[in-house]
Amino acid sequence: MAALLLGLLLFAMQSPPLPSRPLIIIIGVRKGGTRALIEMLSLHSTVVAAQNEVHFFDWESHFQKGLPWYLSQMPYAFPEQLTVEKTPAYFTSGKVPKRIHQMNPNIKLLLILRDPTERVLSDYTQVFYNRLQKHKRYQPIESVLVKDGEINLGYKALNRSLYYIHMQNWLQYFPLESIHVVDGDKLIKDPLPEMKKVEKFLNLEPQLNASNFYFNKTKGFYCLRDHGRERCLHDSKGRAHPHVAPAILQKLYQFFHEPNRKFFELVGRTFSWK
Ligand code: A3P
């Protein structure tokens with residue numbers, strides 16, 4: 001009897017506990033529209049979203065706390081509900097796919113991507129404002145983007161926009177069918193069709209409809225309507241990007257041309273960015 005109990009205990013210690021409720025992760029990309037996606041998804045009655053970015057699989061200090069800690073970060077959900085969390089840094093963090101796979105190889109993942117050049121400008125804008133808030137100086141965009149007349153390959157934001165490199169890593173652990181790519185540019189222009197695709201991918205009852213979204217002229221973006229209550233995303237979402245000299249912008253678009261082609265090949269579909 002004691003041996004049986006010990007055996008059971010050892011078994012329980014070896015196999016990580018699976019989340020008791022279906023969990024969906026929005027893995028990125030940073031500045032792709034991840035906040036818009038999670039907010040729009042949580043308009044659905046069977047989706048409950050974690051408020052904060054959990055950073056479990058990418059931050060060692062969190063990861064060491066173990067899966068029970070991760071699951072304890074999730075909001076309360078009823079048995080029939082899905083829980084969703086978003087941590088945009090997962091997509092570009094090399095160790096994350098293996099870790100998520102170890103937790104659940106059958107998990108459904110959402111990835112929202114936008115034009116890689118726009119994403120770089122958005123990334124720059126975010127860091128710029130973060131530094132401004134801390135009263136720190138930041139280099140002008142052109143001196144970050146270009147070094148010695150060429151695109152500055154050392155600029156981290158560029159790497160985050162090399163989608164095929166990161167996607168290759170994810171596809172080593174998950175089949176393409178497990179990762180739904182949301183078109184972030186389309187989500188900005190017309191959110192409903194993109195959200196209907198997400199509903200379908202997650203096998204959710206079709207619920208989202210045109211009345212859930214309305215265009216707010218002042219913000220210049222779609223806002224959300226939830227049972228009559230209207231709300232837009234925070235002011236830090238949808239900020240103007242800095243002006244970049246057309247010649248540099250052109251260089252940037254050219255720089256991404258080949259990596260984009262490789263990404264399209266990898267996922268078997270194209271996007272408006274070329
Ligand atoms: P910008 O602020 O550069 O325009 P994330 O949430 O991943 O940080 O992404 C932020 C981006 O979401 C914003 O980048 C914005 O373009 C995009 N976005 C998509 N839909 C939006 C919406 N309805 N309201 C505000 N921003 C939205």
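Every residue, even glycine, has its Cβ placed from backbone N, Cα and C.
The signal peptide annotation in TrEMBL covers 1-20.
Sequence annotations record features per position, and here TrEMBL assigns domain 'Sulfotransferase' to 24-258.
Per TrEMBL, 3'-phosphoadenylyl sulfate binding site is recorded for Lys31, Gly32, Gly33, Thr34, Arg35, Arg114, Ser122, Tyr222, Lys237, Gly238, Arg239, Ala240, His241. Taking Cβ-Cβ distances under 8 Å and a sequence separation of 6 or more, the neighbours of Lys237 (3'-phosphoadenylyl sulfate binding site) in its chain are Arg35, Ala36, Phe221.
The feature active site, for sulfotransferase activity is assigned by TrEMBL to Lys31. Cβ contacts within 10 Å of Lys31 (3'-phosphoadenylyl sulfate binding site), excluding its own Cβ and spanning all protein chains shown: 24.
A 10 Å cutoff on Cβ-Cβ distances gives Cys232 (disulfide bond) a total of 17 other Cβ atoms nearby, all chains included. The disulfide bond annotation in TrEMBL covers Cys223-Cys232.
Cys223 (disulfide bond) counts 18 other C-beta atoms within 10 Å of its own C-beta, drawing on all protein chains shown. Lys237 (3'-phosphoadenylyl sulfate binding site) carries neither a helix nor a strand DSSP state and counts as coil. Within 10 Å of the Cβ of Arg239 (3'-phosphoadenylyl sulfate binding site) there are 12 other Cβ atoms, across all protein chains. For the pair Gly33 (3'-phosphoadenylyl sulfate binding site) and Cys232 (disulfide bond), the Cα-Cα distance reads 13 Å. It is 15 Å from the Cα atom of Cys223 (disulfide bond) to that of Arg239 (3'-phosphoadenylyl sulfate binding site). With the fewest other Cβ atoms inside 10 Å of its Cβ, the least crowded of the binding-site residues Arg35, His241 in this structure is His241.
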